[in-house]
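Only one structure is covered here, and it is reproduced in the block below.
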Amino acid sequence: MVGAENMTASFSNNRCHDTIDEFRNQVYSTMYSMISVVGFFGNSFVLYVLIKTYHEKSAFQVYMINLAIADLLCVCTLPLRVVYYVHKGKWFFGDFLCRLTTYALYVNLYCSIFFMTAMSFFRCVAIVFPVQNINLVTQKKARFVCVGIWIFVILTSSPFLLSKSYQDEKNNTKCFEPPQDKQTKKYVLVLHYVSLIFGFIIPFVTIIVCYTMIILTLLKNTMKKNLPSRRKAIGMIIVVTAAFLVSFMPYHIQRAIHLHFLHSETRSCDSVLRMQKSVVITLSLAASNCCFDPLLYFFSGGNFRRRLSTFRKHSLSSMTYIPKKKASLPEKGEEMCKE
């Protein structure tokens with residue numbers, strides 16, 4: 001949420017002289033650096049492979065491409081956060097980029113949740129109701145769903161654009177800091193409950209229901225021959241659920257506890273410091289979903305592994321035959337036949 005990185009700081013200055021500034025700066029700069037590198041190269045590679053094998057059209061490919069784009073848009077702003085925390089909370093990039101960097105993190109967070117939920121729902125439909133709803137799981141419908149998710153998240157996340165930069169008492173420009181006035185704090189609390197219900201609880205329940213139905217359906221078909229497909233589906237369920245629990249659940253639970261903690265009358269210095277550290281850890285975990293998503297692509301029922309194999313063969317083939325310019329036309333024709 002707005003200023004989640006340092007939310008407790010302004011509430012503890014009058015009572016607690018200790019701070020977690022050093023801990024915060026070290027953890028955020030380290031975690032965001034790692035997420036930037038791993039997330040950028042992982043999602044760039046996945047996106048490149050998916051685009052290169054776009055002739056293998058499927059609804060799940062559409063969701064995976066959009067998920068990779070959301071991750072890349074986020075990781076491109078994380079280096080700005082790294083610079084901010086390396087310089088001990090000094091912002092050098094202007095008010096617009098301050099707002100945009102905050103906004104990008106939460107757009108990615110909730111786009112990832114909704115794309116994963118949509119993938120889970122349509123996979124459930126494909127496995128549990130393969131005949132009755134065969135026209136529901138199509139690439140065209142997947143595009144409409146993705147456009148709807150982007151529009152919904154972009155609009156509903158717009159309040160995060162209100163998180164502007166400002167000058168502190170030492171004339172340093174600050175960003176990602178907590179709201180100061182009571183009215184804004186109440187607004188943040190309302191925003192939290194809306195995002196908690198619609199951005200986490202409903203999607204999480206949907207995923208659990210879908211995966212329960214998938215598992216029950218697969219268990220009923222244990223005597224059938226498609227054992228490899230069943231193993232791939234269960235593997236995907238485990239990875240998606242684990243990523244959801246590790247990245248999103250700790251952040252939303254901690255945020256709920258944190259906001260109520262801020263409104264309590266009695267807060268010891270130790271409890272304030274512990275709460276501040278929990279903010280740092282859970283927000284870092286939430287941002288790390290950019291690194292987990294490439295694993296989701298890999299475990300999406302073997303589809304991505306097949307694409308990767310196809311991509312590798314095409315790449316090796318092109319490298320082998322590039323010098324033979326006279327043979328380029330028949331080779332291209334052969335590839336078209338294979339596709």
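Backbone N, Cα and C define each Cβ position, glycine as well.
Just so it is clear, the model here is predicted, and its values are computed rather than measured.
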Item checked: Shared topological domain relative to the membrane, I20 and L219, Swiss-Prot -> no
Next item on the list: Would you mind checking which of C16, C175, C210 shares a disulfide with C98 in Swiss-Prot?
Entry: C175
Check: Mind checking how the topological domain 'Extracellular' (81-108) divides into helix, strand and coil residues in DSSP?
Finding: 21 helix, 0 strand, 7 coil
Next item on the list: Determine which recorded stretch among 60-80, 196-216, 233-253 has the most C-beta pairs below 8 angstroms with the transmembrane segment (109-129).
Entry: 196-216
Margin query: Under 8 Å between C-beta atoms and at least six apart in sequence, can you list the same-chain neighbours of C175 (disulfide bond), or say none if there are none?
Written below: Y84, W91, C98, T101, T102, S163, S165
Next item on the list: Using a Cβ cut-off of under 8 Å, list the residues of the same chain at least 6 residues beyond the transmembrane segment (233-253) that approach it.
Entry: 109, 112-113, 116, 119-120, 123, 127, 196, 200, 204, 207, 211, 214-215, 218, 281-283, 285-286, 288-289, 292-293, 295-296, 299-301
Next item on the list: For C98 (disulfide bond), just count the other CB atoms lying within 10 A of its CB, please.
Entry: 23
